[in-house]
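The structure appears right after this line, and notes come after that.
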Amino acid sequence: MADIFYDPDADLAKLKNKKVAIIGYGSQGHAHALNLRDSGVQVVVGLREGSSSVAKAKEEGLEVRSIEEATAEGDIVMILAPDQVQRSLYAEQIEPNLKPDAAIFFAHGFNIRYDYIQPSAGHDICLVAPKGPGHKVRATYESGYGTPAIIAVEQDASGEAWELTKAYAKGLGATRAGVIKTTFTEETETDLFGEQAVLCGGVSHLIQAGFETLTEAGYQPEIAYFEVCHELKLIVDLINEGGITKQRWSCSDTAEYGDYVSGPRVVTDQTKSAMRDILSDIQDGTFAKRFIADQDAGAPEFTQLREKGEAHPIEQVGRELRKMFSWNQAADDYQEGHAQR
Ligand code: NDP
Ligand code: MG
Ligand code: MG
């Protein structure tokens, strides 16, 4: 059984007299800064020059500094910029300004696991990886609940790194839900695998293939959208509540029988063998190298793939249909976020 920690297992007093520098104020950054602040922790936000987030963070009453200044003030420095920029951000703006005994925190193990960042021996290296998007991490905290997280320590220079990590997770609200002990390697490899093979890559391509199959057979795109995409959330909610068994219990016997006989025709031995190949590319660093090389070159492959994804016919149909859903507030959020990007 995994080691799981809850509120009583973590002591916020470990963060007393310590200042937490949150570098970045995006999806995770705003949630960490605000949740910690509301938990009574001293927080300073570090942002790049000319950042459009300065005003947003100040509006919330947060102290905002340059990345260099915030780092210099931080007893804990949590790096919440995108993974692909962390390497140069760390080398150029963070490392030269770190207190000699500052603890360095991450929300994903990527840069430590693949050695893009190699902090010197005096620093604790800690991980608090929330298992949810930043906006949910903030919203659940505000409503009195928490988002679960997984935590790890790669380097325990102070001898207190685990206590510090648990305290941080408590300030974030994560120990309200439960926090599981892991390692940087396990977190990084399983996170990348989950998002590639199942959650993002697997699901989005499964939806697209289902949509293509129905529309190519002459069915209306609007109907296809409902059948292979819209209802997915309802199914996933049931799985989230009570596992696959609850989902099968709730849907019709016809659907359940179809699940058993047809599911294995879609997800075959070949699919699993592809999953093993994906995992092996993650484990041996092939995926990381490809991602970072493309990013370093200005992201030509990434940009082209994003444009191709956005041009898929299901996106157009979905945009029109979602306008019908007056109850679907998230549709507007998405459109705003989309325009900003
Ligand atoms: P975002 O893309 O939302 O972060 C954007 C922030 O990083 C902004 O404040 C932005 O500055 C800043 N930033 C971007 N580029 C630079 C740069 N070159 N130099 C300095 N600052 C920069 O990141 P996420 O919150 O998605 O991810 C942060 C970390 O959290 C990653 O390690 C990720 O893997 C991890 N994580 C993310 C999850 C999520 O929900 N998104 C879930 C769990 C972990 P500006 O405001 O000026 O634009
Ligand atoms: Mg993940
Ligand atoms: Mg991830």
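Placed from the backbone N, Cα and C atoms, the Cβ positions cover glycine too.
As recorded in TrEMBL, the features of this protein are as follows:
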{"type": "DOMAIN", "residues": "2-182", "note": "domain 'KARI N-terminal Rossmann'"}
{"type": "BINDING", "residues": "Y25, G26, S27, Q28, R48, S51, S53, G134", "note": "NADP(+) binding site"}
{"type": "ACT_SITE", "residues": "H108", "note": "active site"}
{"type": "DOMAIN", "residues": "183-328", "note": "domain 'KARI C-terminal knotted'"}
{"type": "BINDING", "residues": "D191, E195", "note": "Mg(2+) 1 binding site"}
{"type": "BINDING", "residues": "D191, E227, E231", "note": "Mg(2+) 2 binding site"}
{"type": "BINDING", "residues": "S252", "note": "substrate binding site"}
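On the structure: features taken from TrEMBL.
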residue: Y25; record: NADP(+) binding site; Cβ contacts under 8 Å, 6 or more apart: A33, V45, L47, S51, S53, K56, A57, L80
residue: Q28; record: NADP(+) binding site; Cβ contacts under 8 Å, 6 or more apart: L80, A107, P130, G134, V137
residue: R48; record: NADP(+) binding site; Cβ contacts under 8 Å, 6 or more apart: S66, I67
residue: H108; record: active site; Cβ contacts under 8 Å, 6 or more apart: D83, L127, A129, E187, T188, D191
residue: E195; record: Mg(2+) 1 binding site; Cβ contacts under 8 Å, 6 or more apart: G201
residue: E227; record: Mg(2+) 2 binding site; Cβ contacts under 8 Å, 6 or more apart: G210, L214
residue: E231; record: Mg(2+) 2 binding site; Cβ contacts under 8 Å, 6 or more apart: none
residue: S252; record: substrate binding site; Cβ contacts under 8 Å, 6 or more apart: none
Residue counts (helix, strand, coil, in that order) that DSSP gives for the domain 'KARI C-terminal knotted' (183-328):
122 helix, 0 strand, 24 coil
Just name the winner among G26, S53, G134 (the binding-site residues) by count of other CB atoms within 10 A of its CB.
G134
Based on the record's binding annotation for NADP(+) (Y25, G26, S27, Q28, R48, S51, S53, G134), what whole-number value in Å is the widest Cα to Cα distance?
20
Give the helix, strand or coil assignment DSSP yields for Q28 (NADP(+) binding site).
helix
Determine the Cβ neighbour count for S27 (NADP(+) binding site): the number of other Cβ atoms within 10 Å of its Cβ.
17
Would you mind ranking the binding-site residues S51, D191 by how many other Cβ atoms sit within 10 Å of each Cβ and giving me the lowest?
S51
Go through the binding-site residues Y25, R48, S51 and pull out the ones with a Cβ less than 6 angstroms from some atom of ligand 2.
none
Near ligand 1, meaning Cβ under 6 Å from any of its atoms: which of the binding-site residues G26, S27, D191, E195, E231, S252 fit that description?
G26, S27
PLDDT averaged over every residue in the domain 'KARI N-terminal Rossmann' (2-182):
98
